[in-house]
2 protein chains.
Amino acid sequence: MGSHGRPPAGATLRDLGEFGLIEAVTARFSHGRDVLVGPGDDAAVLAAPDGRVVVTTDLLLEGRHFRRDWSSAVDVGHKAAAQNLADVASMGARPTGLFLGFAAPGDLAVDWALAMADGMAEECAQAGASVSGGDVSSADSIMLGVTALGDLQGRPPVLRSGARPGDAVVLAGRLGWAQAGLALLTAGSAAGDSRWVDDPRWKELIAAHRRPRPPYALGPVLAAAGAHAMCDVSDGLVADLGHIAVASGVSIDLASEAFLIDEAMRSAGAALDVDPLRWVLGGGEDHPLVACLPPGVTPPAGCIVIGSVLSGAGSAGAGVTVDGERPVGSDGWDHYGQSATDAS
Amino acid sequence: MGSHGRPPAGATLRDLGEFGLIEAVTARFSHGRDVLVGPGDDAAVLAAPDGRVVVTTDLLLEGRHFRRDWSSAVDVGHKAAAQNLADVASMGARPTGLFLGFAAPGDLAVDWALAMADGMAEECAQAGASVSGGDVSSADSIMLGVTALGDLQGRPPVLRSGARPGDAVVLAGRLGWAQAGLALLTAGSAAGDSRWVDDPRWKELIAAHRRPRPPYALGPVLAAAGAHAMCDVSDGLVADLGHIAVASGVSIDLASEAFLIDEAMRSAGAALDVDPLRWVLGGGEDHPLVACLPPGVTPPAGCIVIGSVLSGAGSAGAGVTVDGERPVGSDGWDHYGQSATDAS
């Protein structure tokens, strides 16, 4: 609306006001071809060329999903976008738009909000999507409500329920890195000791916690290759494949030798006295894609075969084995704390 | 996933766990024809028959947007859905789907969450939409991130920027009722006196604060009638028409005699020493629709003419007059408190 210019240095959200904040934030967002009506009206209008639209939503809360002393504002924006865009890609869809509900205290620095918006816009650009609308409100702590949309490009959505015995289980993207980074940050915080965080050997693990790198483009590629089932790993590999196993009425066996655990994970595991395979099997937040591909299909470039789909339904969570045995300590994450083994 | 039945009486979210809560909540939602893939996968798939989709999102926070002692769980569900569905209707679209991000303390009663879900489902049904997906998390207080989608049915979206001199400004739905109800609840709370809330004369005003009744069906009807501009009233009539005036480069004059202020509003205004016209001009939360109709178009049934569009752009917020004069005390609501005159 043109009445506010660039916000002054050191300004807070209260200084800028609701409409000034909306204007300053939306000025950071450029809009791709899918955005037909962008921010500034009662609602946005996105293209849905396929006649269907994929939709997913998540809340991210300060202190639960991120900490401002562990992640920069840019990181938080990247991560909030990534976890939703990965859900869209895991349906086999091309991400198109992202919507943000943002609530924060009035004394938050405007610079934090703008840097977060920049991170979100950058992550969207990596996935081919645009931040297309939103809402701001005040709150005692920062919270983000993020909704992502995507286009199926004429293909059926790839559900959790389509896995069939004989399928190969393939992985695209990093696994366990974010959980290792979180473990290092947690240990450093508990010990009041920055060496866990500053050690150059573990820089990439910490960075992985702060900014996941989901392989967005491989979602549509895996769908086009005929994937029977797919999801992103957000609760942990065993937990998420457990959802596929239950929904599909199958069992899944993983081959531990498929997981190439690199030196950073091994040394961090040794330092923290944790078997890094536990991070690989139980850690979420890297948001890689796992898919079940029919026999005879060559996995697309960037995918590694990690197991196979077997006949026979297991009960919830018991349908996934590693080298034929039930893995220990990989239950994943329950937001009300019933069965979490890797609580942050 | 079938492992949980009906939750036991008195159960909390922590008792039920994340997946139990998701299962119990999604069991309350029935899905209309627009829901192609409902809750339970990484994302939902909605029909977008028009090849475009209207999207809007909002956050609702306990203590800021609702109070559990002032509104029941069912009311909160209705209101959270209504304010987003009204945004969709105000673009001229038919609401199709609603997505919910829900965060709450682990000690919240499961019954509260389920009743909220029921309210949300009922409100969606009134608008012809379905709750189609979501996410749950834990938090210190209750927060709802709500996203609503809609279908334009082949028509152009009705924006804020299309008003033209000579248009009639028409209103569909109640105005000022919710603000009067909030004023009564606030006065009762400050005085520790339930007579403000229990007085049968004001029952409908209190109810209007708890459950708005946006005229969803009139959004597409007004669009089909050729509305040049439209929005729902969420910040206050003068503030929201101010957005239309600025976006369209016009002025708007309202006729005070058009506002039929009924006995409940008059008696509540007298009791609280407030001119009820202030609630009409400045109160949001009823979510009626206001539209600018071209000359010669008969307003659809249920719409009342309240003013006219004039040439000449005003500066922000100054483009709206009542009987030719700038109204006082009707600036509407700024979430960071810069210019709010009716803060709740």
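A Cβ is built for glycine as well, from the same backbone N, Cα and C atoms used for every other residue.
Automatic, uncurated: that is what TrEMBL annotation is.
Source: prediction; values computed, not measured.
Record check, TrEMBL: Mg(2+) 4 site residues include B:ASP42, B:ASP87, and the candidate from B:THR56, B:THR96 also listed there is B:THR56. According to DSSP, B:ARG160 (ATP binding site) is assigned to coil rather than to any helix or strand. When the alpha carbons of B:GLU285 (substrate binding site) and B:SER234 (ATP binding site) are compared, the span between them is 5 angstrom.
The Cβ of B:ARG160 (ATP binding site) has 22 other Cβ atoms within 10 Å, all protein chains considered. Proximity to chain A, defined as a C-beta distance under 8 Å, is registered for the following binding-site residues out of B:THR56, B:THR57, B:ASP58, B:ASP235, B:GLU285: B:THR56, B:THR57, B:ASP58. Around the Cβ of B:ASP87 (Mg(2+) 4 binding site), the number of neighbouring Cβ atoms within 10 Å comes to 30.
Shown for the domain 'PurM-like N-terminal' (B:40-150): DSSP residue counts in helix, strand and coil, namely 35 helix, 46 strand, 30 coil.
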